[in-house]
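The compositional bias 'Pro residues' annotation in TrEMBL covers 299-321. Annotated domain 'EamA' per TrEMBL: 5-138, 149-282, in sequence order. For 284-321, the entry in TrEMBL reads region 'Disordered'. Sequence annotations record features per position, and here TrEMBL assigns transmembrane segment to 7-27, 33-53, 65-83, 95-113, 125-143, 149-168, 175-197, 209-231, 240-259, 265-282.
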Amino acid sequence: MSRRGWVLFALMSVIWGIPYLMIKVAVEGGVSVPVLVFARCAIGALVLLPLALRGGGLAGMVRRHWVALGAFATLEILIPWWLLSDAERRLSSSMTGLLIAASPIVAVLLVRLAGGTDRLGARQWAGLMLGFAGVAVLAAPELRGGDTWSIIEVLLTACGYATAPLFASRWLKDVPALPMTAVCLTFAALVYTPPAVLTWPDAVPSGRVLAAVAGLAVICTALAFVVYFALIREVGPSRALVFTYVNPAVAVLAGVLFLSEPLTLTITYSFVLILGGSLLAMTRQTPGDTDTEPRPAEPAEPTPRPTTPPATCPAVTPEPC
């Protein structure tokens with residue numbers, strides 16, 4: 001990988017590893033969930049829309065795909081960002097980041113349940129089991145402590161992040177990623193305008209909170225997509241996704257360093273299980289792996305399929321996550 005590729009990789013690892021920290025600062029500083037999601041979407045859209053308009057064809061894209069764009073925005077932004085922000089009113093940022101790291105595992109399972117042609121071998125099933133064990137280890141203390149709904153919210157967010165790219169790959173595969181992201185953020189901002197107005201804070205939040213909201217919108221949302229697309233152009237879509245395995249470590253480290261969140265043995269064990277499970281679940285099956293079902297005969301000369309990069313957050317992230 002080139003020096004530019006490494007720089008972009010490092011940027012993405014940090015940019016999509018710190019949203020949980022900024023969300024935590026904002027919600028603890030008195031910003032309501034609707035206001036936070038609205039600000040994130042509106043500011044992100046204001047930054048990305050000029051770039052999208054410069055390429056042209058934005059209005060035509062919306063006319064042709066408005067139903068699919070609305071559905072994608074609901075799966076990727078409208079529901080997940082509300083659930084994630086609400087959950088962080090009670091959960092630590094490091095725990096939230098680790099739970100979201102289960103998104104690739106959920107994606108693998110969803111593809112399989114949806115009838116995907118790829119068969120899961122022993123390695124992939126072992127990865128799924130490891131990952132879910134990590135989620136169980138991490139969630140168990142919170143469930144006993146009465147934070148069941150918060151855990152469910154984060155896991156539903158992970159499901160949304162896992163489902164949205166699958167939806168986009170089928171219904172929006174010919175839509176350019178940057179314009180699609182700008183339109184979806186704009187749509188989400190419009191939807192959240194009424195609840196944001198109703199829950200607007202009476203007093204101006206502190207400078208620390210305002211900086212967190214601005215950083216979440218500009219750095220972790222708008223800039224993140226620009227850097228991500230540059231990384232895809234530099235190293236390709238498959239290698240670009242490797243940074244998603246670094247995000248949880250950044251999320252945990254940020255919570256420990258800046259919010260004095262405890263680095264417990266539970267978090268450490270869960271980190272190893274979830275990340276190890278994700279790596280195993282997403283590895284390509286090798287001839288030595290044993291299929292759980294008979295594999296159909298392969299054609300003599302399979303037709304190569306184009307690889308479409310994720311249009312927004314990859315399956316862990318996305319959070320832009």
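A Cβ is built for glycine as well, from the same backbone N, Cα and C atoms used for every other residue.
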Checklist outcome for this item: Long-range Cβ contacts under 8 Å made by the transmembrane segment (265-282), restricted to residues 6 or more beyond its ends, are 94-95, 98, 101-102, 104-105, 108, 123-124, 126-135, 137-138, 141, 245, 248-249, 252, 316
Next on the checklist: Please identify the stretch among 33-53, 125-143, 149-168, 240-259 with the greatest number of Cβ pairs below 8 Å relative to the transmembrane segment (175-197).
Outcome noted: 33-53
Next on the checklist: Using a Cβ cut-off under 8 Å, which residues of the same chain at least 6 positions beyond either end of the transmembrane segment (7-27) come close to it?
Outcome noted: 1, 33, 36, 84-85, 88-89, 92-94, 96-97, 100, 205, 208-209, 212-213, 215-216, 219-220, 223-224, 227-228, 230-231, 234-235, 240, 242-244, 246-251, 253-255, 258-259, 313, 316-321
Checklist entry - Of the listed stretches 65-83, 95-113, 125-143, 209-231, which one has the most C-beta pairs under 8 A with the transmembrane segment (149-168)? => result 95-113
Item to check | the domain 'EamA' (149-282), counted residue by residue under DSSP: helix, strand, coil | outcome: 114 helix, 0 strand, 20 coil
